[in-house]
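Participant: Sequence annotations record features per position, and here Swiss-Prot assigns heme b b562 binding site to 75, 174 based on similarity to another entry. According to Swiss-Prot, the heme b b566 binding site annotation covers 89, 188, on the basis of similarity to another entry. The ubiquinone binding site annotation in Swiss-Prot covers 193. The feature transmembrane segment is assigned by Swiss-Prot to 25-45, 69-90, 105-125, 170-190, 218-238, 280-300, 312-332, 339-358, with similarity to another entry given as support.
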């Protein structure tokens, strides 16, 4: 439809009548992004990117800065909310075939990579024990790259070990990357409205559309209100629910935590990394766990867009969702049996979903012909 961007500005964008609550997570991600930028700015004003002062500056923000505890907790728990929303957003895209809008899907995958990088850099900034060791383990994976690995690692660290230059670089990257995320998000929305949103049926909705405002704005506001209430409840009553106990101790390069692990939203990728007992193989599997999302639009073989009428694919999809949760769970456990074996099997099933996707589509087409 021509002039969709102009119509969107006035809330008159025609949208399918049957899009469900699963389509609300895009606007919720926008709200999360706004919250993160605002709280992040106020935290950056008081934060000191120095290995001797970073941990103390976080304590100073929490104890001495007016409403600093609120800003710090909103920023930390807001990141978790961001990832909950983005994982549901991706799952909806996979289930309802939104990935067939290729440009939007590929820009979204790039957004996910950028978001994960930003969150990783942010996790290092408090310079707690788990921050330091998670940074050491993850950045050390660069050394697995043939020929260039050691040079790249030294360049990223700013020396031969994680030290003050590393923290300064990570703070600079954590500050600048959100602006890239905002730019890419704008491109993502523009590309989406070139073709328009999909819908649960996966059909062309041109014959049955309504203006975005007021119908879908109120629907979005309801979910935003629920998310805000949930966020404030966690901030008020359980602000440390997603934090690692080790991160309440200042970073000590001489003491290794019993079990090094990143934030919960990276555990699925970390679990896949851990399931391969080889450094280069693990690093490749970690990268592929995200990059493989880019292959989905090109391996779709079914004549139907949505999984709504595809029982075989529905079963495969929910197995994939369960696999994601199992990998996350095993990554929280020590590297010992039976967790290692469960993690390896779940990691295999994770990649098997993307391989079985085109096969299932082809099989369903065959069944429909008979």
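Every residue gets a Cβ built from N, Cα and C, even glycine.
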Participant: So of all those binding-site residues, 75, 89, 174, which one's Cα sits nearest to residue 193 (ubiquinone binding site)?
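Facilitator: Nearest by Cα distance to residue 193 (ubiquinone binding site): 89.
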Participant: Give the distance between the Cα atoms of residue 75 (heme b b562 binding site) and residue 89 (heme b b566 binding site), rounded to the nearest whole Å.
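Facilitator: One finds 20 Å between the Cα atoms of these residues.
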Participant: Hey, what's the Cβ neighbour count for residue 188 (heme b b566 binding site) at 10 Å?
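Facilitator: So the Cβ neighbour count for residue 188 (heme b b566 binding site) comes to 21.
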Participant: Taking contact to mean 3 or more CB pairs closer than 8 A (sequence separation of 6 or more), are the transmembrane segment (105-125) and the transmembrane segment (280-300) in contact?
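Facilitator: Yes; at least 3 Cβ pairs under 8 Å.
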Participant: Taking pairs 6 or more apart in sequence, does the count of Cβ pairs under 8 Å between the transmembrane segment (25-45) and the transmembrane segment (218-238) hit 3 or more?
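Facilitator: Yes, the stretches contact each other.
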Participant: With the transmembrane segment (339-358) as the reference, which stretch in 69-90, 218-238, 280-300, 312-332 has the largest tally of C-beta pairs below 8 Å?
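Facilitator: Checked against 69-90, 218-238, 280-300, 312-332; highest Cβ contact count belongs to 312-332.
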Participant: List the same-chain residues at least 6 positions away in sequence whose Cβ sits under 8 Å from the Cβ of residue 174 (heme b b562 binding site), in sequence order, or say none.
Facilitator: 118, 121, 122, 125
Participant: What is the total of other Cβ atoms whose distance to the Cβ of residue 75 (heme b b562 binding site) is within 10 Å?
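Facilitator: Taking every protein chain into account, the count is 20.
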Participant: Are there residues at least six beyond either end of the transmembrane segment (280-300) with Cβ under 8 Å to its Cβ atoms? List them, or say none.
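Facilitator: That would be 90, 94, 97, 99-100, 102, 105-106, 109, 112-113, 116, 141, 144-146, 268-270, 272-274, 347, 350-351, 354, 357-358, 361.
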Participant: At a C-beta cut-off of under 8 Å, are there same-chain residues at least 6 beyond the transmembrane segment (218-238) that contact it? List them, or none.
Facilitator: 21, 24-25, 27-28, 31, 70, 73-74, 77-78, 81, 85
Participant: Once the chains shown are all counted, how many other Cβ atoms turn up within 10 Å of the Cβ of the residue listed as 'ubiquinone binding site'?
Facilitator: 17
Participant: What is the total of other Cβ atoms whose distance to the Cβ of residue 89 (heme b b566 binding site) is within 10 Å?
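Facilitator: Taking every protein chain into account, the count is 19.
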